[in-house]
Every structure is written in structure tokens, then in C-alpha cells.
Amino acid sequence: MGCDRNCGLIAGAVIGAVLAVFGGILMPVGDMLIEKTVKKEAVLEEGTIAFKSWVKTGTEVYRQVWIFDVQNPEEVAVNSSKIKVKQRGPYTYRVRYLAKENITQDSETHTVSFLQPNGAIFEPSLSVGTENDTFTVLNLAVAYHNTADGVYKVFNGKDDISKVVIIDTHKGKKHLSYWPSYCDMINGTDGASFPPFIEKTRVLQFFSADICRSFYAVFGAEINLKGIPVYRFILPSLAFASPLQIPDNHCFCTEKIISKNCTLYGVLDIGKCKGGKPVYISLPHFLHASPEIAEPVEGLSPNEEEHSTYLDVEPITGFTLQFAKRLQINILVKPGKSIGALKGLKQNYMVPVLWLNETGTIGDEKAEMFRNQVTGKIELLGLVEMILISVGAVMFTAFMISYCACRLKSVK
């Protein structure tokens, strides 16, 4: 009977050890299976999860516009007074609701080319007024045309998953003609997704065609989005730094007077991208800009929560599940003797015209699908691994203690 009991205790300990070892083995094996599956499904080719989501995101994307209505145009023109502005908005449009067109795979270069139609539908229920509202602003033509944004060619990841969705060319060019030297590089993706297996130390590069430049984002925080763990990457203030702070920004400083020989920060010149017009971009309300830039303007109230840009990216797949891209359009105005409205000006103005907030969040239905097909399975695998290791360790320890106790008791 003693043998039966001791043998049972030893068997229990062995089973516990086997369970713990199996759980330990399952961890690297499971990680390998996850990595293999993600690499397969992240490739941009017919039949993959990534391709289906990439062709048409299915995420509602909205572009909100706030107009800076000038309250004292006569005072400014005659007395060169401070510009008093009043923010009016939002005026909301639904964008990016159209599927990609003319999709063509190139097996030799492992790229896929496409057209992305740019459609915009006005959403009255999400707006403060109508498209017929009037404002007092600089004479700047602003439109949302139903045209395609040129031909994109991106890597499909078939040969190298670390390059998937990274832009190879835009409008047939690897280098935009607007800027000299390395400043004309198109870096990264379009921001809708990134190569998978993202770590917190990675810097995410994304290209924005409407302002003809690439930006970068750095890790900010971990958050939970509709039950899905995501990494929030934020656009740092240094993205709008002066060339003294970030030498790479030298090509966005071509105007030496108002920038005080490129020592001020917070605005970037994109005039060469806009047909030579004195157009500058910044964060809304001149967030993180030199105080001197906003000093001639009254009515601004920058704050980090409302005016910063971020991307919420699921780290395993690299899919962007939520984002907010916020930028302000400004016009540089100088005194001009040949223009009547500018004769009375005695100083330069960086005049805010409008700011944009383009946002998108994964829908409830797609979030549920994502949880079921991706994060849910990964969490279940991790749970099984931990249960096997924990139960196995407890069984092994308990049965071995019981066995040792029985052996000591029998010796006495």
C-alpha cells in the first residue's frame, strides 16, 4: 500500500513536471506560430486579412475644419494692429470612404501600385453650420476635390515583411521635386498601417501627400481601445523644430526674416509644394511654436489634448486602429506697396487661416472581428501557457512535498 501511495505521488509530480515543461515549450512554439501567421496575413496580396483591410479600411474617417474668422480686418490693414481671430467650426466631412482603385501587383519588385480616390462628403449633423457660411479670411482657395491623389506604389511584404506598406514611390518618384537633397525623401507608410511587430523603441515614419513631407512619431503610452491593447505614438514637438534644433528641417525654412534667420520654431514652409504660395504649416493654435510667432494674433488658445497628433497602433499586426492628425494652415503676410490692402502694414504676420482635425477609430464590428481573429487568440494562447506552467508547477511541488513527507514518516 505504501508503494502504491508513493508511486501515485511520484506519478503526480511527473505529470505536473510534464505540464510545466509543456507550457514552457509552448511559449516559444506559440510565438513562432503567431509570428508565422502574422507574416502570412500581413502581406498585401489577395486573400490576406491585411489586403482586405487595406483595399477599403471600413473605418469612418472624418476631417473637421475650424476657420479663423478675422474680426478686425480694417484695423489691421490701416493701423497694423494685432489680428483678432475667432475660431468657427467644426465643419465636418467624411473622407477616405472609397476603396483603392487600379490595384496592380508587381511580382518582380514585390510592390503593389494603386490609386486612392479622395472623396469628401459634408456631414451637416456634425457641423456648426453649412458650406454656405461666410468668413473674413485671407484670399486662399481651399477645396476637397473628388480626384485621386496620384499613383502610389508600396511594398507588399512578400519578400520582406519589414517593408510591407512602406511607400516605394508616389506619382512615380522616390524623391519629391519640391525639396533639395535628403529632404525630398518619402519616408515610411501612409500612416494607415505599419510593418508588424512594433516595439516601443521604434520610430514610426509616415508620409502626408497634402503637405508634401514625411513626419515621425514616437511611443507615448499604452492604452486599451475597445478591448484591444494598442501603443499610442505621438508627433513630437521637435517635428516642427528650427534647423538649429533639428538640422533635417533646414529645407522647411526658406524665409529668413520672420523666422529670424531660421531660429524660431513651430512652423514649416511648404510653399514650394503649393505652387510658390507663402503657405506654412504648424500645429493648431501654434502649439509648441515660438511665442514671437503667435504674438501678433489674439484669440488663440493652444492645448496638448485638442491640438496634438497621435496614432494608436496594434503592435503585433502594425494596424493603425485610431488616429488624430491635426495641422494648421497659415499664410505669411508682408507689407507690400503694390497691393492696396497691404500698404498700411508695418510688420509681418503669420496669419492662421484654418486648422484640420482628421480622425478615425475602428468600428465596433471590426473591433470585435479583430479581437476574435487576432488579439483574442493570442491572449487565449498566453492564458493556456500560464495555466499549464502554473498548474504543472503547483502539482509538481505539492506531490513532491507529499512524497518527501511520506518517506520521512516511513523512516521513523
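Cβ coordinates are placed from backbone N, Cα and C, and glycine is handled just like the others.
All TrEMBL annotations are machine predictions without curation.
The transmembrane segment annotation in TrEMBL covers 7-29 (among others).
The Cβ neighbour count for Cys251 (disulfide bond), using a 10 Å radius over every protein chain in view, is 18. Residues or ranges marked as disulfide bond in TrEMBL: Cys183-Cys251 (among others).
The disulfide bond annotation in TrEMBL covers Cys212-Cys273 (among others).
Under a cutoff of 8 A between CB atoms, and with a sequence separation of 6+ in the same chain, the neighbours of Cys253 (disulfide bond) are Ser242, Pro243, Ser259, Cys262, Leu268, Asp269. Positions annotated as disulfide bond by TrEMBL: Cys253-Cys262 (among others).
Residues annotated as transmembrane segment in TrEMBL: 380-406 (among others).
The site 'Critical for TLR4-TLR6 dimerization and signaling' annotation in TrEMBL covers Tyr403. Counting Cβ atoms from all protein chains shown, Tyr403 (site 'Critical for TLR4-TLR6 dimerization and signaling') has 18 others lying within 10 Å of its own Cβ.
TrEMBL lists Lys409 (among others) with the feature ubiquitin cross-link.
Taken from TrEMBL, the feature ubiquitin cross-link covers Lys412 (among others).
Within the set of disulfide-bonded residues Cys212, Cys251, Cys273, the entry lying nearest in space to Tyr403 (site 'Critical for TLR4-TLR6 dimerization and signaling') is Cys212 (CA atoms). Its Cβ taken as reference, Cys273 (disulfide bond) is surrounded by 19 other Cβ atoms within 10 Å in the chains shown. Across the fold, the C-alpha of Cys273 (disulfide bond) and the C-alpha of Cys251 (disulfide bond) stand 12 Å from each other.
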